[in-house]
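Enquirer: Got these off TrEMBL a minute ago, pasting:
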- LYS35, THR86, THR122, GLU155, LYS267, ARG334: NAD(+) binding site (BINDING)
- PHE152, LEU153, ARG154, GLU155, LYS208, PHE253, LEU254, ASN255, ALA256, GLY257, GLY261, LYS327: substrate binding site (BINDING)
- CYS264: active site, nucleophile (ACT_SITE)
- 320-421: domain 'UDP-glucose/GDP-mannose dehydrogenase C-terminal' (DOMAIN)
Amino acid sequence: MRMVVLGLGYLGATHAACMAELGHEVLGIEVDPEKREQLAAGVVPFYEPGLPELLRKHIDSGRLTVSGSYRDAAEFADVFFIAVGTPQKKGEYGADLQYVDAAIDELIPLLTRDGLILGKSTVPVGTAQRLSDRAAELAKDVDVEIAWNPEFLREGYAVKDTLQPDRLVLGRFAGGRAESVSRDIYSSIIDSGTPFIITDPPTAELVKTSANAFLATKISFINAIAEVCDAAGADVKAIADAIGYDSRIGRKFLNAGIGFGGGCLPKDIRAFMARAGELGAAEALTFLREVDNVNMRRRTRMVELAREVCGGTLLGKRVAILGAAFKPESDDVRDSPALNVAGQIQLQGASVSVYDPKAMDNSRKLFPTLDYSSSALEACDQADAMLLLTEWQEFLSLDPAELGKRVRHKNLVDGRMCLNPTVWESAGWNYRV
Ligand code: UDX
């Protein structure tokens, strides 16, 4: 089938390449000329394992093409995916829908035949209805159907999550062709037994926000228990393991530490609260404010721990920060807890040296005043404390003896609770979580 993907950021580029992999002919629309050129040349402008191979394969095969023109989009197909960003509004909790609105406003007046628009971007409940009304005003002698088909992909596993998702969700208005077209688009995924949930648009929109709110709550739950463990002298990791064996609870997303960040969970729970407020249901989600609070306290606590191991002050101390991405297998530093902590420690007078296997360029752009090192060892040179803040595989195999020779003081704060305390303590390190 022929289809267009509007927006080739993280979500759109992955979706476009994966749709080509499913055998479709895909035109990706990207308005940023630099990104567009890179993608058209088969280069992925961010780090996502497996995506460069897939993109190159389908750029080379011709099944995936890239353009900056909405006119090209309107001519190419009559099925359009919206995959543009919905960031947090500046100074407010709500989602900024300007890119979604712009895509609709630009595309629809150009349509010369009936079109189906499938939204993938994460949006506040009610958006598909609002866009449908807007589409009806903008369409010239054509019918435009809007449905919502949220994505659930995780950075680092985006290709797998798109091609082998846990489930597909479609929210469509009655009487349209969204369901039959989606069944065609995803036929091989559906045939392999993937659950396909057909519902109405507000429910589909809420499935996505509810999923992210639940994941954020699970992480903050275990981090709240970590606070109690600190006070009581108990081991939160053992608690996570023990409660995780209960199949009703499950062990995933119970890793305590510095908390969640990234371009999705923090802004999605805030947008969810803001939308519930608009709908008069604010009280239902007041617990998410606490989820957010617990999460932000983890960052403050990490700074306090660094200050404590440095003898009560960070002034004039050297601190090594291992990890800058918001999680491993990603170069994304949006709302990264690691960089946030690095910035706070620097503000308290320490000199901070950051190393990350993939996120150095993005970190430099966001925090140009931090010092950056080209390896974990270099970052630790003469350090008074080393903070492990993103659990990259290469940090899990660090040698305590070798690092011990580089640092000034053997203080280790494990912000992801991912190292073996016994190994580090027996090499003479003060291991703290
Ligand atoms: C998330 C959702 O998982 C995905 O379904 C949705 O489509 C987009 O948002 P992503 O932002 O890629 O995906 O990251 P995720 O793997 O969910 O991790 C989010 C944050 O939580 C990271 O900072 C991670 O380090 C942290 N985290 C995760 C924890 O602190 N503890 C855990 O146990 C799990």
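These residue numbers are counts, starting from 1, taken along the chain as shown.
Keep in mind that glycine also has a Cβ here, set from the backbone N, Cα and C atoms.
TrEMBL entries are annotated by machine, without manual review.
Computed from a predicted structure; not experimentally measured.
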Enquirer: Can you tell me how many other Cβ atoms are located within 10 Å of the Cβ belonging to ARG334 (NAD(+) binding site)?
Expert: 20
Enquirer: Indicate the candidate from LEU254, ALA256 with the smallest number of other Cβ atoms within 10 Å of its Cβ, considering only these binding-site residues.
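Expert: It is LEU254 that, of the binding-site residues LEU254, ALA256, has the fewest other Cβ atoms within 10 Å.
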Enquirer: Which binding-site residues, if any, among THR86, THR122, LYS208, ALA256, ARG334 have a Cβ under 6 Å from ligand 1, given in order along the chain?
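Expert: The ones that qualify number zero, so the answer is none.
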Enquirer: Validating a neighbour-count step here. Other CB atoms within 10 A of the CB of LYS35 (NAD(+) binding site): how many?
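Expert: Counting Cβ neighbours of LYS35 (NAD(+) binding site) within 10 Å gives 19.
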Enquirer: Between LYS35 (NAD(+) binding site) and LEU254 (substrate binding site), how far is it from one CA atom to the other, in Å?
Expert: 36
Enquirer: Reported as an integer number of Å, what is the Cα distance between LEU254 (substrate binding site) and LYS267 (NAD(+) binding site)?
Expert: 20
Enquirer: Determine the Cβ neighbour count for GLY261 (substrate binding site): the number of other Cβ atoms within 10 Å of its Cβ.
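Expert: I count 23 other Cβ atoms within 10 Å of it.
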